[in-house]
Every structure is written in structure tokens, then in C-alpha cells.
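Chemist: Reproduced below are the annotations present in Swiss-Prot:
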ACT_SITE  HIS366  active site, proton acceptor
BINDING   8-11, LYS22, GLN73, 78-79, 100-102, GLY137, GLU157, ASN172, ASN230, ARG336, LYS354, TYR369, ASN380  UDP-N-acetyl-alpha-D-glucosamine binding site
BINDING   ASP102, ASN230  Mg(2+) binding site
BINDING   ALA383, ASN389, TYR390, SER408, ALA426, ARG443  acetyl-CoA binding site
REGION    1-232  region 'Pyrophosphorylase'
REGION    233-253  region 'Linker'
REGION    254-460  region 'N-acetyltransferase'
Amino acid sequence: MALNVVILAAGKGTRMRSDLPKVLHPIAHKSMVQHVIDTAHKVGSDAIQLVYGYGADKLKASLGEQQLNWVLQAEQLGTGHAVAQASPHIADNDTVLILYGDVPLIQQSTLEALLAARPENGVAILTVNLANPMGYGRIVRTPCEGQEQGKVIGIIEQKDATAEQLLINEINTGIMAVPGKQLKAWLSRLSNNNAQGEYYLTDIIAMAHADGVAIDTAQPQSAIEVEGANNRVQLAQLERAYQAREAEKLMLAGANLRDPSRIDIRGDVTVGMDVMIDINVIFEGKVTLGNNVTIGAGAILIDCEIADNAEIKPYSIIEGAKLGVAASAGPFARLRPGAELKQDAHIGNFVEVKKAVIGVGSKAGHLAYLGDAIIGDGVNIGAGTITCNYDGANKHLTVIEDNVFVGSDTQLVAPVTIGKGATLGAGSTITRDVGENELVITRVKQKHLTGWQRPVKIKK
């Protein structure tokens, strides 16, 4: 029996006041619908039907490389009508899981519980109890022996509910698991004879009850999982809820967060034990932090690996880089893609490293650019050092071997190699290879001019 997931993503989202389709608005730098697609994959979907309408070009540009079956809903005539567009792609023996592209926080564990709750050849509905159920369809039950809550017999929408039904606080989330054969039959019988003039997907529950099909329910751990976003205020609320959830995961995994409400997690972060994370840190992409790592305030980490006991000092940007054991960067350091700091290496304030390896124990304390370079162990890079790697057309490599001392304000014009133990005098411009243990100074000879008069301002 295959799991066929139908994701409804056809709405425009007028209240977002945006040209972007509603489901493409982001939570943690990922579109809402992408969150839903990712969760569908996690529960083992065999096929995903994406029902789309407004903004097709933008949707396909964002999602088009994925294994999705694109199903057009040319007119938005209700949720039942939307699912019906996917009917030709549903096999009789499929289990159909219906999800929503603007409900991004639904959890894998919740969907697994819903699928487990579905009776054989029956229907499972995800419901939630709300103190204020205004606007939602209510779950209608009838007393049944052996079922404390009673048997589900239907779902009534807010505008069609009686005064008594409006008192019900168990609401329909719209998420359900349905057998394929029966779903297609029920969809063909839907009517739009209701206050909205739409084809309600919820009407299939009354049909299931009338046909004697077993109906069961499951509930999420938190109601926020089934909240949607219809405007930017709600989008921001979901963002905060997502961030709180991800921060909690980090703390449970062994990280200390100085303030869990002031962290942004926009990717997959893996942490070791006793990690310390200060305020206003941003994580993007895939980030791995080893044991006893310290991240300073305001740091941004993107697609990087940080080994045990390493430290990222405040306001540093680490992107596509690796830090070895006990290495450190910052404050105000920038490591660009391809940068690698070996064990105990240090990059200080206002140092930029790009596509360069900094060897064991090597240091560049301040104000340097190290690009397209291989730097050995025990090297000292003075302030103001620049590897001149670009000739206007191509990038060239600088090699600095072990135990080299580079004086301040030195320019290394690549391609160039500095041999082991060499010393480069401050203010030098190095254009040729330097041998082992050589001292090289290329400064202009200092001149002393006596009797010189400093210019003075001309009075107007």
C-alpha cells in the first residue's frame, strides 16, 4: 500500500499583500511549502501531488527540481475541489495523506501518529481542541459505547454550524489520511450547496460515516503545528514558534543558549556537549558544532564545521569553512568558502580568509586578507598582510611553509612560495619565491630631510 501525499498549495494569499504565492513565504529561510514537502518525505511518501494555482511560474522556479507531480487547480472552488484535481493520480490501494502548503510546522511524529491511528480501510482525522475555535470546522461526534469521546459522524464548517455545534471546541485541522478508492468515490459526490458555495473536503467525513467506514482521530503535541499563515503577522508568529522549537532541540542536545529567544536557526544544526551560544547568533544551512564549542554574540555561521573546543568570537561570519580542534576566529573575522583553520590556529579581528588553509598553531591576529593560500604550521602573519591572488583574470596560489614570520604590511604577489623558517620584513612586497630561513626586506631606504617646512593653511 503506497503513501500518496496531496499538498494543497493553490491559494494566492491576498492578505499577505504580496506578489509571491502564499506558500512561498519563508519560515527560517525556507518556504512554507518546502517545510511541508520535507516532512512528507520524512514520513515515507511514495508520491507527492502538489496542487497549485496562483503563481505557477514562481512555484516551479522554487520547487521545480524536486520529485513532485504538479496538479493544476485552475479555479479555487474549495478544498474538496482541490483534492479532486489529484484524483487521476491516486490508485485505489493508496493511503492518501492530505496536507496544506501554508501549515509549515506539522511534525513528522504527528503525521506518523495520524497514519498509525487510521483504521484498516478507514479514515483518520487530525483534530485539536481550542479554547477559542472561532472560524474552524467543528468535529461532530455521537455517543458510542467503548469510545469516551464518541464516534465521529461529520465535520461542520463555522458558517454552516448551529448554535449548539458552535460550542464544540474540537476542530478539524484539514489534515487527514484516507483510503484512495473511497476518497475518489466520495469526491465525485461532493456538492457546493453550502453557505460558501464551495466543495468542502470535510463533507467526505459524513459520507464515510454513512457508508459505515471507520473513522478515528489523532492530535498533535501542540496546536501550533496545525496553525496556518494568512498574513504577515501570523507568519511572524509561526517563525517565532519554529525558532523556539529549534532552540529547545539544541538545549536538549547539550547546548547552553544565553537567551533562547534571541537565536535564529535557518538550517540543520548539530551540537556536541557543553556548547555555549551567546545572543543574536544566526545559523544557516548545515552547521556542525563539536564538544565545548563557544559561539560569541552576533556571529553568523553558514554551512560550516566547528571542531571540539573551538571558539567563534563575537560578530564573526563563518561560511563554508572548517575550524579544527581549539581553533579560534574573531572578533569580527570573516571566513569564506574553502577556509580551513587547523588545530590551535587563530584568525583575529578584521581578518578575511578565503579558500585558504591555516596550519596548526598559525596566527593572523588582525587586519589581513588571506586568499588562495596554503599556510603551514607555526606561521605568524603580521597586521596588514595581503595575499595578492588576482591578476585581473586568474587567481594564483600563495604557499607559506612552516614557521615563517611575516611582518606587518606585507604584500605577497602570487604565485609565490615562502620557504620554511623565512622572515619577511615589515612593509615588504614579495614578488619572487623566498628560500628557507632567508630574511627578505624590500622596503625603500628611509630618508631623513632636515629643514623641511610643513604646509600651513592659507588664510582667506
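Cβ coordinates come from backbone N, Cα and C, glycine included.
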Chemist: How about long-range neighbours of the region 'Linker' (233-253): same chain, 6 or more residues beyond its ends, C-beta under 8 Å?
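Modeler: Same-chain contacts beyond the ends: 16, 25, 27-28, 104-105, 224, 227, 260-261, 263-265, 269-271, 275, 277.
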Chemist: ASN230, ASN380, ASN389, SER408: which of these binding-site residues has the highest Cβ count within 10 Å of its own Cβ?
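Modeler: Ranked by Cβ atoms within 10 Å, first place goes to ASN389.
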Chemist: Restricting to the record's acetyl-CoA-binding residues (ALA383, ASN389, TYR390, SER408, ALA426, ARG443), give me the longest CA-CA distance in Å as a whole number.
Modeler: 23
Chemist: Whole-number Å distance between the CA of LEU8 (UDP-N-acetyl-alpha-D-glucosamine binding site) and the CA of ASP102 (Mg(2+) binding site)?
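Modeler: Distance between the two Cα atoms comes out at 8 Å.
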Chemist: Among the binding-site residues LEU8, ALA383, ALA426, which residue has the largest number of other Cβ atoms within 10 Å of its own Cβ?
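Modeler: When each Cβ's neighbours within 10 Å are tallied, LEU8 leads.
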Chemist: Can you count the other CB atoms that lie within 10 A of the CB of GLY101 (UDP-N-acetyl-alpha-D-glucosamine binding site)?
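Modeler: GLY101 (UDP-N-acetyl-alpha-D-glucosamine binding site): 26 neighbouring Cβ atoms within 10 Å.
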Chemist: Please report how many Å separate the Cα atom of SER408 (acetyl-CoA binding site) from that of ASN230 (Mg(2+) binding site), as a whole number.
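Modeler: It is 57 Å, counting Cα to Cα.
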Chemist: How many of the residues that make up the region 'Linker' (233-253) does DSSP mark as helix, as strand and as coil?
Modeler: 21 helix, 0 strand, 0 coil
Chemist: Reduce the DSSP letter at ASN380 (UDP-N-acetyl-alpha-D-glucosamine binding site) to three states and note it down.
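Modeler: Note: ASN380 (UDP-N-acetyl-alpha-D-glucosamine binding site) is in a strand by DSSP.
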Chemist: Let me know how many other Cβ atoms fall within 10 Å of the Cβ of GLU157 (UDP-N-acetyl-alpha-D-glucosamine binding site).
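Modeler: Looking across every protein chain shown, the total is 19.
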Chemist: Compared by Cα position, which of the recorded positions GLY78, ASP102, GLU157, ASN230, HIS366 is the closest one to ARG443 (acetyl-CoA binding site)?
Modeler: HIS366
Chemist: Counting other Cβ atoms within 10 Å of each residue's Cβ, which of the recorded positions ARG336, HIS366, ARG443 comes out lowest?
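Modeler: Selected from the recorded positions ARG336, HIS366, ARG443 on minimum Cβ neighbours within 10 Å: ARG443.
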